[in-house]
Amino acid sequence: MTVFAMGWRRPDNIAGSSAQAIMVGFFVATGGLLFGYDTGTISGILAMDSFLYKFAGDGKTDPYTQPTPTLTVSQQATIISMLSAGTVFGALLAAPLGDIWGRRKSLIASVGVFVFGVIFQICSADIPILLVGRFFAGVGVGTVSVLVPLYQSEMAPKWIRGTLVCAYQLFITVGLLAASVVNLLTYKMDGPAAYRIPMGLQLSWACILSLGLLVLPETPRYLVKRGQKEAAALSLSRLRRLDITHPALIEELAEIVANHEYELALGPDTYKDIFFGSPHLGRRTFTGCCLQVLQQLTGVNFIMYYGTTFFRQAGLGNAFSVSLIVNVVNVVSTVPGLFVVESWGRRNLLMIGAAGMGVSQLIIASFAIAAPTDMAQTSMQILVIFISIYIFFFAASWGPVTWVVTSEIFPLKVRAKSMSVSTAANWVLNFGIAYGSPFMAGEGKGSAQLGTRVFFVWGSFCLIAVVFVYFMVYETSKISLEQIDEMYERVPHAWKSKEFEPSWSFQQMRDFGFSESGIPGEDLADGTSQHTGDDHDGHTGPPPGYTPHAVVTSPTAGEITTPPPASYSASTIAPYNNGRNLPRASQQAPISTARPDTNSRGTATSAAPSLTVSSAESTSASSSSSVADNKMLAMMGNVDLSY
């Protein structure tokens, strides 16, 4: 039970309250309803007699005396894939919008575009107008699909970041389930109400999300990126439920600021930089794009887009009921992923999930080929059972965790651009599958008529995904977004990333520079760090003018138990991050190399580091509040203060 609780329980050494951030994260995740519900409704709408009489017939077909008309394979493919075509444009628009307008305002605008598209769909009387509506709805969905995980990852505490981003996928599945229920209730209606009611209900999710976004804060990391440190401090204070002068809040914000300054020092934030920039941005972009592509190549949207039609062609009785069962499994199976994404880690979940999906789909395809014709009913039962097992593995792993990883692995300066490109890759494949699936598995003229054999294709890609994750995906659980940069600097191979432990902060790098090894902590301890300050004189060791002083220690992360010594400036104070960061002033006092009781990955270790503070150099404990106040002011205004 402890394993499952780790994804939800706040660690004891985290100051403040995470309730506000959790509520905000789960609310923003409802943006997943827009995509999930639209995907689920179109699958059922294309199988509704009322829709077919209106859009596939000549407008004069008598539903009581003439057979139900059918859409051509090309018409089906175009109607479904037009949403995906819009999402590609929306995903690419998300980066400039998110960087210029901000994450929150861009989300509001995206929902507005989605509403515009839904209104077009409701009012459509022929296929061209329907396609226009689906394209604009797709633009909104594509932008939301980038900005929601981006917003969540930038405002969430690291210990529950993965769970909150997983919630986005949970609401996608809830939207799919809601669509199945609504379709089941309306598909027997006469007239346009049968399909217009499911379409119109999309407006309710959009309105609720828009109203909530009006009162939510902008993410602290975006505000730092825009140079608005005061606003970033206020936003972080609101999300962490801490006073703006609290040492834990000051430390978190200072590390975000220092990390962003370090990233900018490595190069610009252009689109070219996301492929060729440092540290290892090309590798990260390749990983993000391939993860999103492989998520689509698992074949999940073949089921979500064409499930009802496919089940009907396969000979199942009530295809709408089977689709409902599949969507119930999808929702329920997403919940375990919320619990174990932090405790099991991203890599384990992705590899186990891909293996489970691959085996399930290969069994479906193999049995369909090998089973004799007199076992047709048994074949249908096997189909439903193993599709449900396949959906279980997808919903608990690749569904949510793909969004988690791609929202974490990119540095702040290019995060919006990189997420935009990787998400666009997802939607390009989504479009290809939406358009190509009828030609692969359909029974119409010009199709390959693979039927259930199409699962050989999806199953093979799932097995490829296992290998890709092992070699390319880094473990990002239980470390901050800023520490992920350090991991890519220091860990050469993805399969060794689980062993990574943060050992220095970007505040140290800003103040002291870093050695040729790229690890400042190694040199700070012995006084050989290369100074890279304004003088640029090749000086080694502490910057000129620094004198040995005791170090402010913290037995609990984020807390300063002893005020800084008298001659320290505000820009050189560095409280410990989980007890691991080395001090940022020159050290003459002995430093214990013992590890803390709990490291940043949450693993028990040996005794905490022992750094003593000389009583002759320390000030009164009662002055710690004013010290924190002054440090916050110094960080915001880039002013040196003496204590």
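Every residue, even glycine, has its Cβ placed from backbone N, Cα and C.
What TrEMBL annotates here:
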- 21-48: transmembrane segment (TRANSMEM)
- 24-477: domain 'Major facilitator superfamily (MFS) profile' (DOMAIN)
- 77-95: transmembrane segment (TRANSMEM)
- 107-129: transmembrane segment (TRANSMEM)
- 135-152: transmembrane segment (TRANSMEM)
- 164-185: transmembrane segment (TRANSMEM)
- 197-216: transmembrane segment (TRANSMEM)
- 319-341: transmembrane segment (TRANSMEM)
- 348-370: transmembrane segment (TRANSMEM)
- 382-406: transmembrane segment (TRANSMEM)
- 418-435: transmembrane segment (TRANSMEM)
- 455-473: transmembrane segment (TRANSMEM)
- 568-609: compositional bias 'Polar residues' (COMPBIAS)
- 610-627: compositional bias 'Low complexity' (COMPBIAS)
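Long-range Cβ contacts of the transmembrane segment (135-152) within its own chain (Cβ-Cβ under 8 Å, at least 6 residues beyond either end) map to 25, 28-29, 31-32, 34-35, 38, 82-95, 97-98, 103-104, 106-107, 109-118, 120-121, 161, 164-165, 167-168, 202, 219, 403-404, 406-407, 415-416, 419-420, 423-424, 426-427. Of the two recorded stretches, the transmembrane segment (348-370) lies close to the transmembrane segment (455-473), with three or more CB pairs under 8 Å once pairs fewer than 6 apart in sequence are set aside.
Only pairs six or more apart in sequence are counted, and the transmembrane segment (107-129) with the transmembrane segment (164-185) gives fewer than three Cβ pairs under 8 Å, not enough to call it a contact. Outside the transmembrane segment (418-435), and at least 6 residues removed from its termini, the chain residues within Cβ reach (under 8 Å) are 77-78, 80-81, 83-85, 87-88, 90-95, 98, 142, 145-146, 149-150, 271, 274, 281, 284-285, 288-289, 291-293, 295-297, 299, 301-302, 305, 406-407, 410. Per-stretch counts of Cβ pairs under 8 Å to the transmembrane segment (77-95) identify 21-48 as the leading one among 21-48, 164-185, 197-216, 319-341. Against the transmembrane segment (21-48), the recorded stretches 164-185, 319-341, 455-473 differ in Cβ pairs under 8 Å, and the greatest number is found for 164-185.
Long-range contacts of the transmembrane segment (455-473) within the same chain, counting only residues at least 6 positions beyond its ends with a Cβ under 8 Å from a Cβ of the stretch, are 283, 286-287, 290-291, 294, 297-299, 302, 346-347, 350-351, 354-355, 357-362, 364-365, 368, 398, 405, 440, 493-495. Within its own chain, the transmembrane segment (319-341) has Cβ neighbours under 8 Å at 3-5, 7-8, 40, 43-44, 47, 162-163, 166-167, 169-170, 173-174, 176-177, 179-181, 183-184, 187, 303, 307-309, 311-312, 349, 384, 387-388, 391-397, 399-401, 404, 477, counting only residues six or more beyond its boundaries.
Mean pLDDT of the predicted structure over the domain 'Major facilitator superfamily (MFS) profile' (24-477): 87.
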